[in-house]
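Student: Take this structure first; my questions come after.
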Amino acid sequence: MSSNRKGDRRERELVNALDEAGFAVMRAPASGSATTRELPDVLAGNGEVFYAIEAKASSGRPIYLSGEEVEALVYFSRNFGAKARIAVRFDREDWYFFHPGDLYVTDGGNYRVKKETALAEGEDFESFTGGPTQTKLGGD
């Protein structure tokens with residue numbers, strides 16, 4: 001399966017999960033391809049909080065986002081009145097969410113999320129959607 005098809009499938013999976021959690025949610029049409037404007041992959045809100053989400057998936061290798069991709073997400077979010085979030089999912093794991101400012105920035109100005117970082121530091125789905133919070137081992 002091509003990475004684009006897999007990414008599209010993962011985006012739809014995230015949209016369905018957010019819908020089941022009570023959010024009004026939509027996948028931005030042609031995000032990243034058929035428009036000159038940079039759009040987030042997913043818009044979601046529950047009447048109290050609104051998110052513009054860039055969704056990325058990987059089999060286990062680190063996930064990279066370009067600096068421009070993250071800057072465009074932050075810009076859109078500010079203008080739209082939403083909170084910018086990066087959603088990452090690794091095979092056989094759940095979704096984890098990050099504020100763009102919490103991501104590791106490479107020397108080249110790109111952003112990176114490793115699987116172990118997502119599992120240790122990412123906000124889990126239940127916490128993100130207002131459910132029970134994740135208990136982290138060794139945390140305060």
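Even glycines carry a Cβ here, placed using N, Cα and C.
Fair warning: this is a prediction, and the values are worked out from it, not measured in the lab.
Pasting the relevant annotations from Swiss-Prot:
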type     : residues      : note
ACT_SITE : S31           : active site
BINDING  : E11, D41, E54 : Mg(2+) binding site
SITE     : K56           : site 'Transition state stabilizer'
Student: Taking 10 A as the limit, how many CB atoms besides its own sit near the CB of E11 (Mg(2+) binding site)?
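Tutor: The Cβ of E11 (Mg(2+) binding site) has 22 Cβ neighbours within 10 Å.
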Student: Fewest other CB within 10 angstroms, which one of the binding-site residues D41, E54?
Tutor: D41
Student: Please report the distance from the Cα of K56 (site 'Transition state stabilizer') to the Cα of D41 (Mg(2+) binding site), rounded to the nearest angstrom.
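Tutor: For K56 (site 'Transition state stabilizer') versus D41 (Mg(2+) binding site), the Cα atoms are 9 Å apart.
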